[in-house]
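Notes follow the structure.
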Amino acid sequence: MQEHPITTSILHKGLGSLLLLLAIAIQCALLTLYGDLPLSITLVDSLLSIALFAVAGYYLWYVQCTLHIMQARVAFAVLVQIACIAGCSILLQIFGLEDWEEFSITIPFRFLFGLMAWIILSQWYASRERKSEAEPIVRQMEEKTAPPPATVPEEILDRISVKDGTRIHIIPIKEIFYLQACGDYVTLFTTSGQHVKEQTMKYFERSLPSPEFVRIHRSYIVNTEQILRVELFGKETYQVRLKDGTYLRASSAGYKLLKERLSL
């Protein structure tokens with residue numbers, strides 16, 4: 001069930017209150033001028049009539065959202081007008097403000113006035129219903145036609161800082177032989193030795209320059225300038241030999257990526 005457009009908007013609440021006051025003033029003026037009734041009686045009469053109409057008009061939203069047959073809506077509108085007129089007549093007679101003869105003269109006016117207001121309210125509800133149903137479709141179309149958000153490129157590293165106790169080592173990437181995953185850490189094998197960095201392999205895969213660095217295995221990222229040769233080792237398994245004599249295992253996907261990066 002869709003939310004009621006009046007209760008969900010402060011603006012609609014304010015405008016609705018002003019329109020109710022305007023309807024009371026118009027009905028009071030017409031009853032006074034053409035019904036030849038005292039102002040005090042027509043004012044109470046108008047307050048009761050519009051109050052009953054306002055209650056019925058509020059629930060019209062929920063009826064309209066579930067009742068989609070036009071003939072049923074018309075029949076419901078007529079029944080509401082009859083109920084509002086009958087209810088107002090009963091209340092006025094209970095309070096002793098109007099007798100039936102005086103009231104019966106104004107029934108055609110009350111019916112037409114109420115029906116006109118009901119049609120206006122019904123049309124406004126229908127427009128709000130169509131708008132609420134169209135919003136998701138419009139939003140989906142905008143999402144489909146909107147250009148993809150500009151992606152901010154990852155910062156390409158030219159050096160890596162590693163903290164070792166109270167010291168911080170600055171390692172130029174050209175001094176790195178390869179990187180190895182070690183749980184939540186990454187070990188950098190460099191010309192100056194091994195250094196442990198609290199970072200992920202995914203981060204280095206994105207941030208190290210390509211094609212100089214290639215992830216040849218889920219556990220290894222290698223500096224291609226340090227590669228001496230690549231050897232087949234078993235079925236769909238390869239070994240990458242570095243210039244320092246180190247052998248690194250390369251997966252089938254890693255080997256294909258290495259070939260692409262090296263244009264082999």
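Each Cβ is built from the backbone N, Cα and C atoms, and glycine gets one as well.
Taken verbatim from TrEMBL:
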type: DOMAIN; residues: 160-264; note: domain 'HTH LytTR-type'
type: TRANSMEM; residues: 15-35; note: transmembrane segment
type: TRANSMEM; residues: 41-62; note: transmembrane segment
type: TRANSMEM; residues: 74-95; note: transmembrane segment
type: TRANSMEM; residues: 107-126; note: transmembrane segment
For the transmembrane segment (74-95), distant same-chain residues with Cβ under 8 A (at least six beyond the ends): 44-45, 48-49, 52-53, 56, 60, 63, 67, 103, 107, 110-111, 114-115, 118-119, 122
Tertiary contacts of the transmembrane segment (15-35), as residues 6+ beyond its ends and Cβ separation under 8 Å: 6, 42-43, 45-47, 49-50, 53-54, 102, 105-106, 109, 113, 117
Whole-number mean of pLDDT values that fall within the domain 'HTH LytTR-type' (160-264): 89
